[in-house]
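Report on the structure given below.
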Amino acid sequence: MKVTVVGAGNVGATCADVLAYREIANEIVLLDIKEGFAEGKALDIWQKAPINVYDSKTVGVTNDYSRTAGSEVVVITSGLPRKPGMTRDDLISTNASIVQSVTENVVKYSPNAIIIVVSNPLDVMTYCAHLASKLPRNKVIGMAGILDTARYRAFLADEIGCSPKEIQGMLLGGHGDTMVPLPRYTTVGGIPVTELVAKDKLDAIIERTKNGGGELVKLMGTSAWYAPGSAAAQMVEAIVKDQKRILPVCIKLEGEYGINDCYLGVPAVLGKNGIEKVIELKLNSEEMELLQTSRKHVKEVMNVLDNMAAKA
Ligand SMILES: NC(=O)C1=CN([C@@H]2O[C@H](COP(=O)(O)OP(=O)(O)OC[C@H]3O[C@@H](n4cnc5c(N)ncnc54)[C@H](O)[C@@H]3O)[C@@H](O)[C@H]2O)C=CC1
Ligand SMILES: O=C([O-])CC(=O)C(=O)O
């Protein structure tokens, strides 16, 4: 079982670390463009193996894609993170060319791989990887919903004073301020969340979730990595172990929710074929309106990418 992680920065190295210590893959290739950087991170992760007791091997390489050949899953985390004052969309011009060239190299050596995109702006970088890879939609998947729901669940656990394990939640839409958390589909130990949390408190948690990435950028001067790296690793695990987990992921919609040709987060079954089924929830009119607002925003940024490609 071979998995490649491109980008050995904060998110990529965290993802490789989780893949290794949880023994999700037995060979992990960590690749970066910076000379020696991935080699150093991989060596550090390997030296943790005797302490944390695992034998999955992480290998670091500098831009040598031949070493990634035959990967079953490739996680793309290469690209700039945002700084305070920036939106994720501000990253498009730098990150689109990085994601495009990385994807082309990935598919050259691992034509059968399933690609998980993490780089921002997430929904549009997933579209970019889809265009560059020419792979079917079930094999090019964006990571955002697991992270966003994890933030939502963590905030709810604090509010209720319970374990985050008890909280199940779902969230739709783009990875940005227009994401659509769904209280109607949120339960705490099987109890509807609305029975346990007052409306004003729930509204405040939803707002905090929407700005969850920005809150961390403001605190740290760069974006988050522990939860994002773990979320990407959870997607890898669902695929390589064919777990058929139902997780919120970014995928190209082809008619689901009445939306066509737009990358958005929706619940889906994740297994050995990547996305095995998109789950269509029955939304009420308010939820549908919020999803349409999110679609409109993501579509505008997808158009920016199309215009950049037309000018290139
Ligand atoms: N989808 C999501 O929910 C999340 C997305 N992100 C995004 O993930 C990306 C990575 O974030 P961090 O790891 O914090 O950044 P980072 O700066 O720590 O790491 C990025 C790495 O990519 C490498 N890189 C740049 N160009 C490359 C290329 N052509 N080939 C190979 N490697 C290359 C850099 O050398 C660097 O080591 C950012 O775009 C960030 O916005 C971050 C958190 C959550
Ligand atoms: O906020 C950012 O720029 C990184 C990200 O996507 C997140 O942490 O949700």
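Every residue gets a Cβ built from N, Cα and C, even glycine.
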Candidate from N52, N95, N211, N260 that TrEMBL assigns to the same NAD(+) site as G7, A8, G9, N10, V11, G12, D32, V118, S119, N120: N95
Counts by DSSP class (helix H/G/I, strand E/B, coil) across the domain 'Lactate/malate dehydrogenase N-terminal' (1-142): 68 helix, 28 strand, 46 coil
H175 (active site, proton acceptor) as reference: those binding-site residues from G7, G9, V11, D32, R82, R151 with C-alpha within 10 Å of it: none
Distance [Cα-Cα, Å, rounded] between G7 (NAD(+) binding site) and R82 (substrate binding site): 15
Under 8 Å by Cβ from R88 (substrate binding site), same chain, sequence gap 6 or more: R82, N120, P121, L122, H175, G176, G213
Entry from the recorded positions list R82, R151, H175 having the most other CB atoms no farther than 10 A: H175
Entries of G7, G9, R82, V118, R151 (binding-site residues) sitting next to ligand 2, with Cβ under 6 Å as the cut-off: R82
